[in-house]
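Colleague: Copying in the features that TrEMBL gives for the protein in this structure:
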- Arg26: site 'Transition state stabilizer' (SITE)
- Lys33: site 'Transition state stabilizer' (SITE)
- Arg173: site 'Positions MEP for the nucleophilic attack' (SITE)
- Lys232: site 'Positions MEP for the nucleophilic attack' (SITE)
Amino acid sequence: MFAVTPDPTFRPRCFAIVPCAGVGERAAAGGPKQYHPVAGQALVAHTLSALARVARLDATLVVLSPSDDQFERHVPHFGGEHAWVARVGGASRAESVLNGMDELVARGAQPHDWVLVHDAARCLVEPAWVDRLMAECEDDEVGGLLALPLADTLKAGASGADGAARATTTVDRRDKWAAQTPQVFRLGLLQPALRHALADPVTAAAITDEASAIEALGHQPRLVVGNYENIKVTWPGDFALAERLLRTRA
Ligand code: C5P
């Protein structure tokens, strides 16, 4: 009988996908929010420079809209052996990420490799937080995400008869977490999970991050405590907040 000896040099690779194909309507920035200037650079340039300082990443793939003609102007130094761009963005974030994974497969990624997805719009991410997530998930069967236990009281709201937003009920916050990115899963799990979720338009609408697609298959992603500064620039006022935070770091 032959015994299979594990290869001690085997190491799954880790590829980052940065979905950057949104229009950022809620930010009302007069164009895609990822190119809005913050502390002297386009927002996404900060995001990519943080990821470039994560030694555990083998390569980073930025997913752009097929019609994007701004990226190279705003991030002129991105490119090369470990910094890839693909204009394969889809109609939703989940589609953009799925198309990005197809691109990774075309570039040789294997099912056991890790895919770390990080929003272009989370420009305050710090390399140490990415590293911590990867370290905590390294031996996890499912993978995981940065998230924060909910601090605020959570309200369900509706539009009242007078048109004002009104609280209809208070949602128990005790087991609630606010999901952030990065989120990291094996390619061989995340790719079919997103494909499955997107196959049905009803479930597709509820897939707002990678973890939700994994959960829909019955798995439980690991929650790794993130940081309050890891905001997703979403609303008009967020640009000034991101700018203040980045400038105090510099
Ligand atoms: O719109 P939201 O801020 O939730 O988007 C999160 C991230 O997903 C952003 O970085 C955005 O550019 C990206 N996205 C995408 N393709 C879409 C929609 C959003 O890559 N169709």
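Glycine too: its Cβ is placed from the backbone N, Cα and C atoms.
Keep in mind that TrEMBL annotations are predicted by a computer and have not been checked by a curator.
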Colleague: Which number gives the other C-beta atoms within 10 angstroms of the C-beta of Lys33 (site 'Transition state stabilizer'), all protein chains shown included?
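Modeller: Counting Cβ neighbours of Lys33 (site 'Transition state stabilizer') within 10 Å gives 28.
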Colleague: Compute the C-alpha separation of Lys232 (site 'Positions MEP for the nucleophilic attack') from Arg173 (site 'Positions MEP for the nucleophilic attack'), stating it in Å without decimals.
Modeller: 21
Colleague: Give me the count of other Cβ atoms within 10 A of the Cβ belonging to Arg26 (site 'Transition state stabilizer').
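Modeller: If we count other Cβ atoms within 10 Å of Arg26 (site 'Transition state stabilizer'), we arrive at 13.
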Colleague: Using all protein chains in view, find how many other C-beta atoms are within 10 Å of the C-beta of Arg173 (site 'Positions MEP for the nucleophilic attack').
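Modeller: Its Cβ shell of radius 10 Å holds 13 other Cβ atoms.
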Colleague: I'm trying to understand the geometry here, so how far is the Cα atom of Arg26 (site 'Transition state stabilizer') from the Cα atom of Lys33 (site 'Transition state stabilizer'), in Å to the nearest whole number?
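Modeller: Rounded to the nearest whole number, the Cα-Cα distance is 9 Å.
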Colleague: Tally every other Cβ atom lying within 10 Å of the Cβ atom of Lys232 (site 'Positions MEP for the nucleophilic attack').
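Modeller: If we count other Cβ atoms within 10 Å of Lys232 (site 'Positions MEP for the nucleophilic attack'), we arrive at 16.
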Colleague: How big is the gap, in Å, between the Cα of Arg173 (site 'Positions MEP for the nucleophilic attack') and that of Lys33 (site 'Transition state stabilizer'), rounded to a whole number?
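Modeller: Checking the Cα atoms of Arg173 (site 'Positions MEP for the nucleophilic attack') and Lys33 (site 'Transition state stabilizer') gives a distance of 31 Å.
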